[in-house]
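Input: a single structure, listed below in structure tokens.
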Amino acid sequence: MAKEEKNFMVDFLAGGLSAAVSKTAAAPIERVKLLIQNQDEMIKQGRLASPYKGIGECFVRTVREEGFGSLWRGNTANVIRYFPTQALNFAFKDKFKRMFGFNKDKEYWKWFAGNMASGGAAGAVSLSFVYSLDYARTRLANDAKSAKKGGGDRQFNGLVDVYRKTIASDGIAGLYRGFNISCVGIVVYRGLYFGMYDSLKPVVLVGPLANNFLAAFLLGWGITIGAGLASYPIDTIRRRMMMTSGSAVKYNSSFHCFQEIVKNEGMKSLFKGAGANILRAVAGAGVLAGYDQLQVILLGKKYGSGEA
């Protein structure tokens, strides 16, 4: 039991540390992605003067209007959120994975499905702990100073102000808008993110590629891109719902949000910011590869071993 508890803490710390570093490095891409993704909601609310023309234009415009440091706006909330989220994801994923206990050689597809299920379940459990921080990070990142030409005032002064104003206008429920569809999205994303990586790792990272950080990074990048694109429309819906807390007009449900976006903006609007999301996947790949590297150092685990 003592050994299991020690391994759990190592999983918790290794996952959280690698996540915090990677997310901070990718914070500028993350903010650009969120701005492009939610720009139509911001324009409707009068929080954005004109739409962004692409990743480059959004980056340049944000720096020009708000300063270089603004690219990290919302990152503090993201690190606070992401450390326990990713740490719990990794730690619980291994707990859930051991519950299935299928043999990879004798029952490959059951083992594969077990990896998918354990990754999804870990993500859903973790989300319930830190959703309000994800909401706060989204609102801060989309709080642009371009509501009118020449710049405008911020809607929020910081993390605490997001909580204060949201609770004042919408109550606690305002912090959890979009939670249900987020649970669906997190199961899809984490299920692919962890399940595919753990399933492909012992198959791909063998021989000369075993313990190869670059190979692990590239595999993680590919998995992160695939998982991100598969769940991206769900991510757009949940964040658009988050953006309506504090506004007069809200979506009745996630399905209503989906209908309104498709009807008024077209299907392509569900994928706005997906290009930046692919660049952001570098951070996700770094988390996966870095986590494995830390486990090699701390526990003696190997990339290709497939060990829990």
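In case you wondered, yes, glycine gets a Cβ from its N, Cα and C as well.
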Worksheet item: Can you say which of 178-183, 232-237, 238-243 is given as motif 'Nucleotide carrier signature motif' in Swiss-Prot?
Response: 238-243
Worksheet, complete the sentence: Of the listed stretches 8-35, 76-100, 179-200, 214-234, 274-294, the one with the highest count of C-beta pairs below 8 angstroms to the transmembrane segment (108-128) is 179-200
Discussion item. Should anything in the same chain at least six residues away from the transmembrane segment (179-200) have a Cβ under 8 Å from its Cβ atoms, list it; otherwise answer none.
Written reply: 89, 93, 97, 111-112, 115-124, 126-127, 131, 134, 219-220, 223-224, 226-228, 230-231, 234-235, 237-238, 241, 254, 284, 288, 306
